[in-house]
Each structure stands twice: as C-alpha cells, then as structure tokens.
Amino acid sequence: MLYLIGLGLGDAKDITVKGLEVVRRCSRVYLEAYTSVLTVGKEALEEFYGRKLILADREEVEQEADNIFKDADVSDVAFLVVGDPFGATTHSDLILRATKLGIPYQVIHNASIMNAVGCCGLQLYRFGETVSIVFWTDTWRPESFFDKVKRNRANGMHTLCLLDIKVKEQSLENLIRGRKIYEPPRYMSVNQAAQQLLEIVQNHRARGEEPAITEETLCVGLARVGAEDQKIAAGTLQQMCTVSLGEPLHSLVITGGNLHPLEMEMLSLFSIPESQSTDGL
C-alpha cells in the first residue's frame, strides 16, 4: 500500500494520530521536500516519528518515482507531504501512476494553507481562485495570473496568492551543461510579492488599462501559518512591501473589496501599526 500522508503546517506534532501510526509501521518513509517546508527540519521529524526519512526532491518524484513505488504492492510505503497531500498536482500524478501499476493507495489528510488561511479572519467561502506568484527573472516576468485576481475582485472574492519556492533548482547555464549544481534555496516573501504586484499595476496604467488593484488595496500577509510564531499583518498593498513577517513560508491575500463586518473586525486585530508604515502611506 502507498500512503500519502499530510503533515499539517506547524511542526513534527501536527501529523494526525492515524498518520503517525502508519508512518511507524511502513517499510520506507519518504519526505517530499520541494513544494513546501515545515518550520522544523528532517531530524526533528525523525526523532518524533522514530523513523528514518528518505528525502524526495522534485527529480525523484517526477522522474524517478519507480524508487518510491518499489515493493509498494507487497509492503507499506509512506509519502509525507507538508500540508495536505492534494496541495500540489504532483501528488495527484503519483496516485495515477500507482493506480496504473496496480498499487493500492490511501490518503491521510491534514490542514493546508488552503483552509488554514481562514486564521486571518477572512471567510473561506468568500475566496475565489487561488493564484501562484513566481520569482521574476530578467527575461521572464509573467503577469497572466493577474487576470484571475481581476475576476476574483469583480466577483467580490478574495485571492490567496501562493508564493514561489525554489528548492534544488539549477541555473540555466548548469542545466544546459548538464551539471548537477544547485542554487541555494529561495522562498518568496510577502514584500517581494507585493513589489511585483505593484509593478504589474504600473504596467497596466502605462498601457492605459485600469488595474484590478491599487497601492491602497487591502491585503493580508501571512507567515508560518500553523506554527507557534505565525504572523499575520493586514494593510495596504503598499504597506505589504515593507512589513516585517520574518522567516518563510509566506502567503499573501488580496481582499475582494467589500468585506463582511465580521471580516473587518477580525482584520483589525492584525492591522499594521502606523509606526511600521513607510512615509507617505
């Protein structure tokens, strides 16, 4: 049996009781290490679970999954995912491949940012389509996701923005030369996401288009949701460029405009103090 087990968002103890029981009896336990990260390292997980973990990076999962499936038809193999197993399409692909190989599977769910984002006080049923914001490069500066933000805003829906994670990525030069040399991990911050969004706003204005959001649009920055030191900050998009939320992982919410009074009251708990605002806001 192949088990896909969600680990939740905080630390080693966020795994469910059912998930922990399965981990402790499996012959092999893989830890997916590229779509998200916990606030604790692999060693802390191993100590709490009482098991050695095999790190599974993007290449292992997407190109060499046969190693994961090996003997899963006659023994139990666990694949651990930060958050919920269905937080990334890669994990659906694992299930499809397992099914084609005749390997039975079971999913053990947990909290993910997709539902835990409600901790900021915005009502989950008022969220529209989720978007991803990636690191821009000198030659690649995608803006297509902004159309989804526009549609959500038109419908009065909030937009959860998942921010880019670069783990075990290769530079273009090393990729072309076939050198397995990897760049240091990078995690997009709320500040970086807000700065890119403001540039998109300026680009729309330069083209004579009315942008879906402005510098004054109310947003919410979230960091390390589910951890003991999670941080939440509510303020304008301009303020998101400078607010200090600390270590990763970060997420950003662009509000849908008209807020429910309860949402407004909840967001007031996380308002950025005037002392943290930059001049001219």
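Backbone N, Cα and C define each Cβ position, glycine as well.
Look at Swiss-Prot and you will find Leu9, Asp84, Gly87, Ser112, Ile113, Leu163, Val225, His250 tagged as S-adenosyl-L-methionine binding site. Summarising the annotation, Swiss-Prot assigns phosphoserine to Ser171 and lists similarity to another entry as the type of evidence.
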Does anything in the same chain, at least 6 positions from His250 (S-adenosyl-L-methionine binding site), have a Cβ under 8 Å from its Cβ, and if so what?
Leu163, Tyr187, Met188, Ser189, Val190, Ala193, Gly221, Leu222, Ala223
Recorded S-adenosyl-L-methionine site residues Leu9, Asp84, Gly87, Ser112, Ile113, Leu163, Val225, His250, farthest C-alpha pair in Å:
17
I want to verify one value. Collapsing DSSP to three states, which class is Leu163 (S-adenosyl-L-methionine binding site)?
strand
Compile a sequence-ordered list of residues in the same chain as Leu9 (S-adenosyl-L-methionine binding site), six or more apart from it, whose Cβ lies below 8 A from its Cβ; state 'none' when nothing qualifies.
Leu38, Val82, Gly83, Ala111, Ser112, Ile113, Ala116, Val225, Gly226, Ala227
With the fewest other Cβ atoms within 10 Å, the residue among the binding-site residues Asp84, Gly87, Ile113, Leu163, Val225 is Gly87
Give the three-state DSSP assignment (helix, strand or coil) for His250 (S-adenosyl-L-methionine binding site).
strand
Going by DSSP, is Ser112 (S-adenosyl-L-methionine binding site) part of a helix, a strand, or coil?
coil
